[in-house]
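Features reported for this protein in TrEMBL:
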TRANSMEM  26-50  transmembrane segment
DOMAIN    27-477  domain 'Major facilitator superfamily (MFS) profile'
TRANSMEM  62-80  transmembrane segment
TRANSMEM  92-110  transmembrane segment
TRANSMEM  122-142  transmembrane segment
TRANSMEM  180-201  transmembrane segment
TRANSMEM  213-231  transmembrane segment
TRANSMEM  243-260  transmembrane segment
TRANSMEM  280-304  transmembrane segment
TRANSMEM  316-340  transmembrane segment
TRANSMEM  375-398  transmembrane segment
TRANSMEM  419-443  transmembrane segment
TRANSMEM  449-471  transmembrane segment
Amino acid sequence: MQVAEAEAEEQLEVEAEHISGGKATLWLIIVGLGALVVSLAQTLLVPVLADLPETLHSDTATVNWLLTSTLLAGAVAIPFLGRLADMWGKRLMLLVALGAMVVGSLVTALSDNITILIVGRAIQGVAGAAIPLGISLLATLLPKRRRASAIATISAMLGVGGALGLPFAGLIVQHWDFHMLFWITAVGAAVAVLGILIWVPESHDRQGGRVDVAGALLLAGALVALLLPLSEGSDWGWGSARVIWLFAAAAVLFAAFGLWEARHKAPLVDLSSLARRPVLLTNIASMFIGFALFASMIGTATYVEMPKETGYGFAASTLTAGLTMLPSGLCMLIFAPIAARLINSIGAGRTLSIGAFIVAIGWVLRIFVHAELWHVVLGSTVVGIGTGIGYAAMPALISAFTPHNELASANSVNTVVRTLGSSLATAIGGTILATFTITLGSYEFPSLGGYRVLFAICAGAALLASVLALFTSGRGRAAAVSA
């Protein structure tokens with residue numbers, strides 16, 4: 001990096017140190033609200049999805065696109081908005097992302113047409129960029145002493161929203177129809193937008209430049225070609241022509257994207273920055289922890305809903321199943337400041353390693369301790385604690401090894417990698433549970449052995465992430481700035 005850019009970054013650090021504690025707290029609350037709403041929106045439909053085909057006069061495969069469209073739109077929009085944030089301003093793109101949540105929520109709240117609902121959910125998916133953008137904005141604006149705790153809190157919202165969304169949606173639909181869920185996200189996002197407009201300033205580390213349109217199209221195509229079969233493969237068949245061709249297309253498009261970005265003067269994603277060992281290993285570890293967290297959601301709620309005759313289930317209601325995830329989400333928030341202190345005292349790499357190791361312990365508990373409902377909640381909560389610590393450390397590591405003017409793009413890529421981990425959890429978990437089954441009457445259910453295989457894979461993934469995190473040490477921002 002040029003000397004002038006290094007000096008500008010030092011000036012930003014000096015300015016951030018003069019921010020008052022009250023102002024920093026206000027910014028954190030406002031940005032945190034936006035992150036919470038976005039995270040809630042990702043899981044709100046899950047408890048009611050089974051009832052929607054009848055409600056909307058549609059079929060299950062079409063209704064599932066209410067989730068798939070959000071996933072695909074988010075994967076495409078997140079790296080694109082991250083790059084635009086580095087070019088034109090992190091606050092501006094955060095407003096765009098949360099504005100998409102408002103618009104998408106209103107579209108879905110006002111319609112019963114399945115096509116329009118899918119479009120609305122896709123617009124909501126664009127808001128997935130709000131979390132990495134919020135992290136990047138606060139990492140730029142806040143004084144160093146507040147940075148780790150702020151990043152930890154915003155990161156924790158991913159798990160908090162996911163855990164709260166399941167029981168919250170269950171309670172809401174007991175009294176209103178599913179449209180009320182979208183009115184709530186519309187209002188929440190609108191309040192966050194208003195708060196940012198009034199109180200949160202723009203960052204001063206904008207690069208400017210031109211948009212890499214070709215790179216954006218190549219990356220979008222590659223991500224869609226990869227994530228679509230991961231999402232739909234269990235319905236289409238993993239050996240079907242559609243799945244094979246899409247995976248092949250993803251490989252070709254990713255290769256073309258890499259070649260294009262390596263030669264482009266102003267790439268959408270700076271591959272040289274991503275190739276730095278700490279950033280690369282952090283992203284790989286993020287994928288494994290994202291896998292383990294999402295598997296916890298599908299491996300806890302569905303697990304406790306199974307009939308008692310399966311030998312492990314508790315015949316829990318949808319609401320009870322959602323409530324079993326609540327302690328996990330709350331612990332992610334509670335442990336955010338603890339994670340921040342760990343980051344400041346022993347470093348983000350070791351903190352990530354500790355968090356991933358705790359996740360592995362939680363999955364081992366799930367394998368061997370499951371006789372009572374509270375045993376399942378305990379294992380899930382331990383996974384949540386570890387994930388909360390790990391999720392706090394990931395963006396801290398990215399921030400330490402990335403210049404300020406590339407921060408939004410780098411954090412956005414990390415978010416996409418976590419999304420990939422979640423998609424892999426859905427694909428692999430669904431396949432395992434569909435393969436290992438038992439028959440009760442005329443119905444088939446996943447067997448306890450199937451769940452144990454899934455839990456063992458999650459424990460292994462978390463252990464691998466823990467080991468990788470130990471090799472993320474380096475010279476931090478100084479190395480990034482001088483690169």
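Each Cβ is built from the backbone N, Cα and C atoms, and glycine gets one as well.
Annotations in TrEMBL come from automatic prediction, not curation.
For the transmembrane segment (375-398), the residues of the chain that approach it from at least six positions outside its boundaries are 132, 135, 139, 147-148, 151-152, 154-156, 158-159, 163, 278-279, 282, 285-286, 289, 292-293, 296, 300, 303-304, 314, 324-325, 327-329, 331-336, 338-340, 342-343, 348-349, 351-352, 354-363, 365-366, 369, 407, 410-411, 414, 418, 462, 465, 469, 472, judged by C-beta separation under 8 angstroms.
Residues 277, 281-282, 284-286, 288-289, 291-292, 295-296, 299, 303, 312, 349-350, 352-354, 356-357, 359-360, 363-364, 366-367, 386, 390, 393, 425, 428-429, 432-433, 435-437 of the same chain sit 6 or more residues outside the transmembrane segment (449-471) yet have a Cβ under 8 Å from a Cβ within it. Packing against the transmembrane segment (62-80) from elsewhere in the chain are residues 41-42, 45-46, 49, 52-53, 56, 97, 100, 114, 117-119, 121-129, 132, 216, 219-220, 223-224, 227-228, 231-232, 235, 268-269, 409, 412-413, 415-416, 419, 423: each is 6 or more residues past its ends and has a CB under 8 Å from a CB in it. With a cut-off of 8 Å on Cβ pairs spaced 6 or more residues apart, the transmembrane segment (280-304) and the transmembrane segment (419-443) reach 3 or more such pairs and are scored as touching. Long-range contacts of the transmembrane segment (122-142) within the same chain: residues 12, 16, 19, 24, 27-28, 31-32, 34-35, 38-39, 41-42, 69-75, 77-78, 81-82, 85, 90-91, 93-94, 96-98, 100-101, 103-105, 107-108, 150-151, 154-155, 157-158, 185, 189, 200-201, 203-205, 395, 399, 404, 407-408, 411-412, 414-415, 419, each at least 6 residues beyond the stretch ends and with a Cβ under 8 Å from a Cβ of the stretch. With a threshold of 8 Å between CB atoms, the same-chain residues lying at least 6 positions outside the transmembrane segment (316-340) that come near it are 47, 148-149, 151-153, 155-164, 166-171, 174, 296-297, 300-302, 304-305, 351, 355, 373, 376-377, 380-381, 383-385, 387-389, 391-393. Beyond its flanks by at least six residues, the transmembrane segment (92-110) meets 31, 34, 37-38, 41, 77, 81-82, 84-85, 116-117, 119-130, 133-134, 137, 179, 182-183, 185-186, 189-190, 192-193, 196-197, 202, 408 of its own chain at Cβ-Cβ distances under 8 Å.
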